[in-house]
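Read the structure below first, then the notes.
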């Protein structure tokens, strides 16, 4: 049989002693975690390992002996190391011997209690203990067959080292009875500033949690459930984004410890996303309030609105004539054109009525950028929705009129074929009509059919304008979703410390010598950037339609309304 021995590279120069680690019988492999140096008392070693097992839930035991001939001075030391196998009683007893500065070690196993001892071939695998402990192994996406089995074997190795973190808290400067060598042998890595921040973060998180619970309680109060406020809260993307960020603040300010690596990474990603969002918002705010840019923006807004209104008036005048040489119904064309021109007149009056207050409104809106760039973008989307409200009204009027005619024509077409729509059974059934019904149906079908081109042209023009506005709002919310969902912390971790996000391992064959065990070096394969985004992408809400092209074309043909938002029941989790 082949015995796989995972040995930490940081222990290659350790003094002679005994090897402690975990024996994985299913894989016939041993994971060495540390080396215990002489002198030691076996009872104290067993007691210490028992305490480690209770804390880590890992079956840590003494696996064998380690001999470094560079420090060896007594000839009887090798015999003493063999006799330790009778005290700690592990089967098989692993013996590793290093001769001077040689890279090739002698490895053997003893099976004293076995009746038929078999000579095992040993594969010595070196691994970086610090990287393996800090890394998080991600299973492959196609977890099936041989790859899933290999991933489960690797996860046992990574899990053993990661859960044994308590073992690494003992260093050579510790005054305890046991001296260990591992990746933190020179002292536990810590900083006074980090410890002070940890102590100060607890009351800060408690205060922030109390304030957030107070704000969320106000948001859930009955006052906001009445019609005007509830309607605005559900339709304005700014309110949706504020609620989304409020949930993020509640997650990162919670004093509950993360249960696993995924929850820890989610909190870190949310925290870094909030910091980046607020930093970009402050940069935008400083740019707006410099050189009186808000005043220039307010002075430009009114002429732009007047220019858009003039273009719409010219478009309506073109539709009221003979657009593209098409012959329209004169009476219906004049009624629809004058109706829409009156709405544009009302809209221009409304804009000029607000013109003295626009600079003040923009000044206060600019202050909201301190809440984050996403909040400022959502406010921009809502301002666009308010400034193009007349286009939305034109689209709704045209869509309703067009939809009424389409459904009327389809119903009258069924009348010609002797069919009708059964409301109860939701199907088309046969029906017999008398002569008067067929006559009235023919008249109505003819009227609707000849009025359809005029209505369809107005509907087509205003639908294109509406789609233009929806596309602009969709691009803004696409940027908001990108900032909200991008796992910045995971991407930075992948760039700076790629071993923390492990997708697997690769083994490199080291220099070999006859009669010595096979030497391999285990290296961590980092997760790809696409895999990082796919694994740690944060949930977002959607404020723009995500319909397929077929569904969107069907809605346009039937005259159904297209909203720039999704309802609360359609949020993306």
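Positions of Cβ are set from backbone N, Cα and C atoms, glycine also.
Residues annotated as transmembrane segment in TrEMBL: 200-219 (among others).
According to TrEMBL, the feature transmembrane segment maps to 270-289 (among others).
The transmembrane segment feature in TrEMBL is assigned to 335-354 (among others).
Residues annotated as transmembrane segment in TrEMBL: 361-388 (among others). Distant neighbours of the transmembrane segment (361-388): 236-238, 240-242, 245, 274, 277-278, 280-282, 284-285, 288-289, 294, 297-298, 301, 305, 354, 469, 472-473, 476-477, 479-480, 483-484, 543, 564; these residues of the same chain sit at least 6 beyond its ends, with a Cβ under 8 Å from one of its Cβ atoms.
Look at TrEMBL and you will find 394-416 (among others) tagged as transmembrane segment.
Per TrEMBL, transmembrane segment is recorded for 437-461 (among others). Through the fold, the transmembrane segment (437-461) approaches residues 315, 319, 323, 326, 328-329, 332-333, 336, 340, 398-399, 401-402, 405, 408-409, 412-413, 415-416, 559 of its own chain, all at least 6 residues removed from its boundaries and within a Cβ separation under 8 Å.
Same-chain residues lying 6 or more positions outside the transmembrane segment (467-492) and placing a CB less than 8 Å from one of its CB atoms are 237, 241, 244, 265, 268-269, 271-273, 276-277, 280, 373-374, 377-378, 380-381, 384-385, 388, 391-392, 501, 529, 532-533, 535-540, 542-545, 562, 564. TrEMBL lists 467-492 (among others) with the feature transmembrane segment.
Long-range contacts of the transmembrane segment (335-354) within the same chain, counting only residues at least 6 positions beyond its ends with a Cβ under 8 Å from a Cβ of the stretch, are 302, 305-306, 309, 312-313, 316-317, 319-320, 361, 389-390, 393-394, 397, 454-455, 458.
If you look at the transmembrane segment (270-289), the same-chain residues 6 or more away from its ends with a CB under 8 A from one of its CBs are 245, 248-249, 251-252, 366-367, 369-376, 483-484, 486-489, 492, 538.
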